[in-house]
């Protein structure tokens, strides 16, 4: 796959993922001073899906090579958001909600790691792609 195609796949995927995140944050706005559960949910589901994609789909060769840059880096990179997570921590702490900020920090990190591990575990259970049977040189059919 060419570098130009990879860039295009990441760009289009990032736009799709970013639009998905924007739609969710618009549908479920977060109140100032509260735990930003929408951002948390986005990051945790994105972590799960990335673990599933890498271990289950890409790692087991169940998809073509373009899937990883398009969906891993692109869609899921655009969907998840470290910057909104960091901004939420800053706003909570600056507004005097230090305990809430600390709790959100821990729950976000733990949730992301657990979700990614669950995605990897589920992905490892997917059946591997089996190669086509080798041809018998004498008959041209399967051995």
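Cβ atoms are placed via backbone N, Cα and C, with glycine included.
Curation does not apply to TrEMBL; its annotations are automatic.
Annotated features, as they stand in TrEMBL:
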type: TRANSMEM; residues: 37-58; note: transmembrane segment
type: TRANSMEM; residues: 70-89; note: transmembrane segment
type: BINDING; residues: 77, 80; note: Na(+) binding site
type: TRANSMEM; residues: 101-122; note: transmembrane segment
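Around residue 77 (Na(+) binding site), the same-chain residues at least 6 positions away in sequence with a Cβ under 8 Å from its Cβ are 10, 13, 14, 17. Applying an 8 A CB threshold to same-chain residues 6+ apart, the list for residue 80 (Na(+) binding site) reads 17, 21, 42, 43, 46, 47, 50.
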